[in-house]
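The structure under discussion appears below in the form of structure tokens.
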Amino acid sequence: MPRPPTCSSVHLALLHPAQPARAPWRRNPLSWQLDQKSRLWHQWGKKRMQIYRRSLWLCLWDGTPLPIHLGWVFTSISLRPILIMALAWLWLLCLSSSQAKAQAAELHVEVPENYGGSFPLYLVKLPVPLKEAGSHVVLSESSDVAAEVPFAVDPDSGFLLATRALDREEKAEYQLQTTLESDDGRILWGPQSIIVHVKDENDQVPQFSQTVYRAQLSQGTRPGVPFFFLEATDGDEPGTANSDLRFHILSQTPAQPSPDLFLLEPQLGALALSPEGSSSLEHALEGPYQLLVQAKDMGDQASGHQATATVEIFILENTWAPLEPIHLSENLKVPYPHHIAQVHWSGGNVHYHLDSQPPGPFNIDAEGKIHVTRELDREAQAEYLLQVQAQNSHGEDYAEPLELRVVVMDENDNAPVCSPHAPSISIPELSPPGTEVTKLSAEDADAPDSPNSHVVYRLLKPEPEEGTEERTFQLDPTSGSITLGTVPLQAGQNVRLQVLAIDLAGAEGGLSSTCEVEVSVMDINDHAPEFTTSQIGPVSLPEDVEPGTLVATLTATDADLEPAFRLMDFAIEAGDTEGIFGLDGEPDSNHVQLRLRKNLSYETAPHHEVVVVVWNVEELVGPGPGPASTATVTVLVKRVIPPLKLDQESYEARVPVSIPAGSLLLTIQPSYPRSRPLRFSLVNDSEGWLCIHEASGEVHTAQSLKGARPGDTYTVLVEAQDPDEPELSTSASLMVHFLKAPPVPALTLAPMPSRHLCTPRQDYGVVISAPSEDSNLSSGHGPYSFALGPNPTVQRDWRLQPFNDSHAFLTLALHWVEPGEHVVPVVVQHNAQTWQITVRVIVCRCNVDGQCLRKVGRMKGMPTKLTAVGVLVGTLAAIEWCLPLHYFVWPECQALGLAHEVHYRMESPLQPVRWICCLPVLQMRSLWFKRG
């Protein structure tokens, strides 16, 4: 059995099973091959018809061979056209099926340009669903430019067709989209994006930018360095072999002295001298050389389009000659940039480049002129070496660089400069005359060993005292040596010497400078260090400042001259028992930084006084440190009050619209415990339904919620303020949601009996009990809560305190309340139910025993004197008769009088007697109380 063929191209091909794959067909993407001389077709023999079982192979676009079994094929010659058409439609059916399954967001189709076959050209089967009645396929180009589209869609098969030949140079890519639309314009399917790529063919001829090129070549040009670049273009697709150009020299005229004087780089088109041409260029002819050059596409392949051009090359004399050194005066006063030299390269396409060693103020222009751009300074740089290069456009040197040496000439423009020395020169006291103190050395930056740098010295200060020639110091004018004179120096004395250094050996016109020398007489360590400031502060620091914060910087000074005697140490002497502060300082410095080591606390210590002491490292000679050796830093701790914040950003309460006045809704509290109470208030309480306790933050109903409807929301603003810090305040919104009033059980409350309380206030009150007679209330669980009604007068005059879960204690809140009968409303809450009871209280003036003193009504008729005397005599007789029974009858009389009522009990036979005996006493007491 023959081996299956392999797919060697991306084109579809119908292959004979016994034939190898041939080269891809150039024109028709659907081609078939059948070998008429093979066994597939036999001549007409004895049998009119022979049957062979054959399999055909389809080569798909991705290169995969696909076998197709054709079954039994009749070999009748008359059936050849039918067989060919069947195979073609079978291939189209398979292709459209595979493409429909692999449909992506975009379809990519490649079409060769300049197709020479018949049109329309079937390109690809579009995945368009079956057409419905009243629908049609619409093809459009995704472009803003309105132009005729060389494509169409076969309405019957759904194939994309090319209607004419395409030109890639005209347009390389078409972006199409197709839709299935109804006759009324509705889109039934799509849009489907299709990108058609026009495959490039080598149909463009290369073109030179000029027909005749003219180039100038200088003698002395290095071989291989391009002196001219050819330019050619090809209109085919860039980056492909169709536009890959190669340059060649076809001929050279004249061919003397050598036919190969020039080289042409094939890819870049760079024209250069050959090694043979470089060696024989000196003997070249004066006339121009003509080169016939060629540009061919298709890269290094033998085939391709080509174009030619002529290059005329003129040979010029070499002008690239060495340069003589240039001498320039420093500080030259001329306009800049200043022209100093010029170079010239006689060839064409030249670019000049200049390098300076060391870098200097020089440049070169396009004409080869060299300039200095500013004044030169010989002391900064006495000489420069310039290198000038002649290069092509790619930065390659045509010849060896030229060197130009620039010498800067000296002028007397620098005054002598004293060499650095110690800031102070110390000499022991009582040193003998002639002792060398120091030796001056002044340097002159002008040219060495010239008058411009010859320096002499002259002592200016100190001058000799008047009337004497003796000097404290002596100076050698040539060497600059300074020695002690005959005038003695005292310990601790400081002398500043001024010496004049003059160049030109002191001649007129010389430049000079003054050298100063500090001379001090060494001292002993007899001065203690002292702070520059003994009191620092007060320094205010917030209590939340981080440890490590700088509090203050303390600086101390020492009057001693010797550096070793000025070394000092610092320490905290007092005022920091808790280790809150610390000292940071650098060794051998005269200052120290006081920094925090721990956190501050305003409550613990609102201020600190830290005492810092300083002392010498070396042993002090003489008296000890004085008061200035200590410094006090006062630190005030600023209390940090955190921002005021409530425990909630907003509050909500849900209450029935039937809630009585005085009911507690909620309590506003700060978010953290505070040592001082806040002051609360309400804002925007337009209906006056709410009130808030100024100190506790309790929000109550101020009155009954008249006009409130279930489902409404009432919003007010709660403000909280620190009374001691008015700037500390905050606010939060309070939203009250009104609910439907719950059903209130009918209460059968016994009327509260009248009670009496004394005024001025005494230490007792009235006990109020919860109404437990109602079965609906007594069956509930949980305690009762009692509150006074919302009347401000009631809340001012009365105080209600809980006694237990079912009773409360009502007392007077004021020391004095007007006597009379008072009605006190009390709000009782139990198990989410609220009701109000009325307590009647009689306030009266009381005697020492706590009994009310009542006023007596006006008696009808006035008693006569005789009646009064008779009553008095009878009363005295009764008293006298009842005296023997006083001790056992009186306690009961007292009890009866206090109770204000008499109970006749028949159990005791002495009861009437006791009452009769007590009656006069009670009448006397009653008269007494009425008078009072």
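Just so it is clear, glycine is given a Cβ too, placed from its N, Cα and C backbone atoms.
The region 'Disordered' annotation in TrEMBL falls on one of the ranges 178-197, 418-437, 578-597, namely 418-437. Residue counts of the domain 'Cadherin' (647-747) by helix, strand and coil are 0 helix, 44 strand, 57 coil (DSSP-based). Sorting the domain 'Cadherin' (533-645) by DSSP state (H, G, I as helix; E, B as strand; all else coil) yields 7 helix, 52 strand, 54 coil. Per DSSP, the domain 'Cadherin' (419-531) is made up of 6 helix, 43 strand, 64 coil.
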